[in-house]
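**Student:** To start, I am sharing the structure in question, which I have written as structure tokens.
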Amino acid sequence: MMNKQSVLPFSLALLVSFLNCTTTLAQLSPASAPLKPPQPAPTIPAAAPQQPLVPSLPQSPSDSTPDSTPTVDIVGILRKAKSFNILIRLMKTTQLINQLNAQLLTTKSGGITILAPDDSSFSELKAGFLNSLSDGQKLELLQFHVISDYVSSSNFDTLTNPVRTLAGAKPGKVELNVISYGGSVNISTGEVNTTITGIIYTDKHLALYKVGKVLLPMDFFVVAKAPAKAPSLAPEPSSDAAKAPKADKDESSSSDSSQVNSAEQNSGTAKMISVYGKWVSIGLGLALVATTMQT
């Protein structure tokens, strides 16, 4: 009993000492600084999109359209845009559409750009102009509207003139010059000046733009000069000149014959007068003899 009573005060004293030590340590340790909230990472401002040089037609896609796939249908795009029926018909009859589709299938970089005149542009041509062209000229005319590289709506100012088209390189005959200024794109062929009036369709490999006129190459208006005639030794008389002397000869012959006839008539008259005078003289002589004999 005495042991239990002596242990209890000892335990209480030990507990009180432990509590005092804990409080003292808590007071001596410095307070931890409050944690700062995490700072957001600075955002880099996005680059401003490059403005296109040509306006977009209604419901036309922008340059952000995903890459084109092998199923892109040029005729379908033009038909959906409407008013390109003549261009579609020419593409089919000249089989240019097959060439363009094949080029889109095989291209891995670059692409093609089509400058498309609408039906009203074709109606401004001289009547019968398209019918006067051969099949080869019709194909060349359409190829002249296709640039053999992809040109975005904001990169026309990077082109180098003359711009090469599918019609090939014929200096002075098949040349396309493109000038961008003041937010517009001007196109010149030497015979036609026009502008790009809108975007029909564009992706990363194919671009179709509407132009105000049909692009006519100089090749269609060059007239070959006829070779000059070799000089002759003596000028050949013309048919009229050859006939003229003959007419004079005939006139002189008729004049001479009339003079001869007139002279013959005068000679006959003089002979008759001479004979008549002789008979008169003889009659007068006989009458004079008869009178003398009677006397």
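Even glycines carry a Cβ here, placed using N, Cα and C.
Nobody curates TrEMBL annotations by hand; they come from automatic prediction.
According to TrEMBL, the feature signal peptide maps to 1-26. Annotation source TrEMBL lists region 'Disordered' at 31-71, 230-265. Feature annotation from TrEMBL assigns compositional bias 'Low complexity' to 44-71, 230-242. Annotated domain 'FAS1' per TrEMBL: 71-215, in sequence order. Positions annotated as compositional bias 'Basic and acidic residues' by TrEMBL: 243-252.
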**Student:** For the domain 'FAS1' (71-215), what's the mean pLDDT in this predicted model?
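**Tutor:** Result for the domain 'FAS1' (71-215): average pLDDT 90.
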**Student:** Is it possible to list how many residues within the domain 'FAS1' (71-215) are helical, extended or coil according to DSSP?
**Tutor:** 49 helix, 40 strand, 56 coil
